[in-house]
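Note sheet for the following structure.
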Amino acid sequence: YGKKSLLVCCCAVHSITALLTAFLPYASFYLTARCITGITCCAIHICTYSLGVEWSLPKYRIWPPTFFSFVFSVGMMVVAAVAYLTRGWLQFHLALAIPQILCVPLYFSIPESPKWLLLNKMCILERYRNRSPEDRRYLDLLLDTVGNECQKANALETDTEKVSGFIHFKSATIIMRLFIMSFIGLASALTYYGICFGVGSFGVDVYLAQFFSGLSESPSLLLPLLLARWGRRSFCMATLLLSGTGCLLSLLVSKFCQIPALVMALALMGKLCVQATTCVSLLYGIELFPTVIRQKCVGLVSLCYRMGCIVNAVVAPKGGISVGAMICYSSGPLLGAALCLFLPETSGIPLPDTVQDCERQSTLKLKPTSCCSQ
């Protein structure tokens, strides 16, 4: 069905569910509403990140995920202000629902994925192309990054293999990338939401803790500058290492120094690094998987991310952050950093359309460094 239809439907369901929650303050309905909200949020995140990346030229791909992550952190800070200023269930949920409902009509103006249109709906793509000379020029630039002959071959391949789309998962390259990105997603979610849900257990005011929890993620706007220098793989490794180290240090400080502000600062530093990893890994995952199965692969990685949220309820069932939980929060990112060594660098490379494109991407070759070879 494409990404636009799914995005509009999920945004509409999300806003209606939020509005009904304000008027139906019952536990059973609230749990059902939160389940529906979680499903729609997952789809909204996948579609918005994918559309933002696919409508960007290679050198600008990092800007949509970066901006979305920054707006997400702003939303976390706004939630703290809304919760502090509103009094009662009805006011709080209406303040969250009404802006969503007002924005739903705007989503119909979002264009469909050009890659998906190229493989499935050429007539709609031509309609986009004929809107204006600027649209035609930009689409030509966007689609020519792949090459016309490759596009025709991809379209033919898609037509012949629509019946069995999962045949692409026989590739060892795809399976390895899917496993690594899924593990990074699970570990990132476990650490991120573990600290988010336990933010009130650091010994500071819960509203301030929530506000600073969102504020700690605002430096994500610097990601494009860092990625331009480091690339996707190196940056993911660095942020995962820093995240694991920050969580480990906060555990040590909490046991030996008893300084709540320092413990929270270290934990939020780890959370910032995890958020940066999540932001980049969303872009990284889109670039690692071919167009013909990209949405399936990103969906599976997102499923593992949500599984990390569920596992957190088992790791920290009482809402606090225990020693065992903090060890889990620190060890997962450290192992994920090691697994990044087996992924290729995709910075500035056109999005792959087939499994063969992915297999042609260069992977890590363990060679001695220049200083060692000398």
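Just so it is clear, glycine is given a Cβ too, placed from its N, Cα and C backbone atoms.
Unlike curated entries, TrEMBL annotations are predicted automatically.
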Pick from 65-86, 307-328: which range has transmembrane segment per TrEMBL?
65-86
Out of 8-30, 31-53, 284-306, which range is noted as transmembrane segment by TrEMBL?
31-53
Given the transmembrane segment (207-228), which of the listed stretches 31-53, 65-86, 174-195 has the most Cβ pairs that are under 8 Å apart from it?
65-86
For the domain 'Major facilitator superfamily (MFS) profile' (1-348), would you mind checking the mean pLDDT of the predicted model?
79
